[in-house]
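Q: Take a look at the following structure, please.
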Amino acid sequence: MSSPPRIIQPPLVVVGSANADIYVEIDRLPKEGETLAANNGQTLPGGKGANQAACAARLNYPTYFIGQVGKDNFANLIRDSLQSSGVKLDYLGTVAGPTGHAIVMLQPGGNNSIIIVGGANVSWPRLDGGISRLNEKAQQLIRRAGAVILQREVPDSLNIEVAKIAKVSNVPVVLDAGGIDSPMPPELLKNVTIFSPNETELARLTGMPTDTTEEVLAAAAKVQLLGVQQVLVKLGEKGSILVNKDEPPIVQPAIMAPYVVDTTGAGDTFTAAYTVALIEKQPPAEALRFAAAAASICVRTKGAIPSMPDRRAVSQLLEEHPAKEMKKVIAKFIEQVNISGSDEAESPTKRSNVNSPKKVRFHDFEDEQKEKSILGQSVQPVSM
Ligand SMILES: Nc1ncnc2c1ncn2[C@@H]1O[C@H](COP(=O)(O)OP(=O)(O)O)[C@@H](O)[C@H]1O
Ligand SMILES: [Mg+2]
């Protein structure tokens, strides 16, 4: 008897940062020359690249991480964490100097101060005196990937190199806008398939407000002028919007968690889960729902990597929130903001089939969710 054909999944490749995050809980910042006792301290693996790779691997998608650590014990922390999430580490390099790390000073009232040591994340020398920062094997991996995810915690020049290699091989590139907030190099955006900022990053990048649906769509349209086909905006507990050129935008409400413990890593989870669904050829609306479910689970547990769900947990949550229920909420939302209805001439977002939405604030939509939970759903809005 012949065995069924093996389906070969093209790997997901995450290129980016890996960090040790050193958390210290303090009542106040130390004064100059002062030694201060912290109330608590903990060191956890993190960095946006490592977070996203860990998330994709936990979702049981074959995932490689291209990154660098230094020669110290933080490297072991990162290695162990990625390995136990199932990430393939064949392309994790070791360079001289420290592993990237961050000292996160948690102060009462949520006033956090952070010091970052870029270390191995920012030391990507050009190889053999040439222009490339990636060896031939890593370049080949990118060429045969199902998709590549980038963020902005490694040098722009590395991201540009990766995005260009991917583009000529028709490999979709998802750029998460998180990381340093220096101006976005046009050469990077031009070579990206999906650009995914949160509302703050989108506002900073475009210099435009992003408080209402209309404003988000207008800002996303401005980014598209720079050569990106799709903009996937993450809006925290308000959900997300996918703006695709020449198509009406798709909105996805957040799948509200019954309790929120820590939103660290929600955006990384969302980006990674969306990309996994994209490679698996789920339609965009389904991929958004999948990502919202994964991120909703992430906010229920402390930390980034420790809070990322496996495939079963996501499937279970999606079963509790069937698409047809979500569709009702989305349909009502679209009706309210009139995303594809009116045709006011001056709208900055006016395009052939994406007409100007009314200026409706997102909290109107959140009220919808409240109404939904009152109607007997297990979803519950929470205050943060
Ligand atoms: N309180 C929450 N409850 C449920 N889901 C959430 C919550 N906060 C965020 N999410 C989900 O996580 C996604 C990403 O979060 P967001 O805060 O927008 O990203 P970032 O971490 O980059 O700022 C959101 O689009 C939403 O689906
Ligand atoms: Mg946020």
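Even glycines carry a Cβ here, placed using N, Cα and C.
Grabbed the feature section from TrEMBL, which reads as follows:
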DOMAIN    12-310  domain 'Carbohydrate kinase PfkB'
BINDING   N19, A20, D21, G47, K48, G49, A50, N51, E153, D268  substrate binding site
BINDING   N198, K234, L235, G236, E237, K238, G239, G267, D268  ATP binding site
BINDING   D262, T264, C298, T301, G303, S307  K(+) binding site
ACT_SITE  D268  active site, proton acceptor
REGION    342-384  region 'Disordered'
COMPBIAS  375-384  compositional bias 'Polar residues'
Q: Please list, in sequence order, those binding-site residues from D21, A50, D262, D268, C298, T301 with the Cβ less than 6 Å from ligand 1.
A: none
Q: Compare the Cα of E237 (ATP binding site) against each of the binding-site residues N19, E153, S307 and report the nearest.
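A: The smallest Cα gap between E237 (ATP binding site) and any of the binding-site residues is with S307.
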Q: Which residues, in sequence order, are found in the same chain with Cβ within 8 Å of the centroid defined by the Cβ atoms of D262, T264, C298, T301, G303, S307 at the K(+) site, excluding those residues themselves?
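A: Those within range, site residues removed, are V261, T263, G265, A266, V299, R300, K302, A304, P306, M308.
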Q: Please classify the secondary structure at N19 (substrate binding site) using three-state DSSP.
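A: In the DSSP reduction, N19 (substrate binding site) maps to strand.
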Q: Between the binding-site residues G239, G303, whose Cβ has more other Cβ atoms within 10 Å than any of the rest?
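A: That would be G239, with the highest Cβ count within 10 Å.
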Q: Over all shown protein chains, what is the count of other CB atoms within 10 A of the CB belonging to T301 (K(+) binding site)?
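A: There are 15 such Cβ atoms around T301 (K(+) binding site).
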Q: Which binding-site residues among D21, N198, L235, G239, T264, T301 have CB under 6 Å of ligand 2?
A: N198
Q: Specify the count of other C-beta atoms within 10 Å of the C-beta of N19 (substrate binding site).
A: 30
Q: Of these binding-site residues, D21, E153, E237, D262, D268, which scores lowest on Cβ atoms within 10 Å?
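A: Comparing Cβ neighbour counts within 10 Å for the binding-site residues D21, E153, E237, D262, D268 gives D262.
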Q: Please find which two of N19, A20, D21, G47, K48, G49, A50, N51, E153, D268 have the most distant C-alpha atoms, given that the record lists them as binding substrate, and give only that distance in angstrom, rounded to a whole number.
A: 16
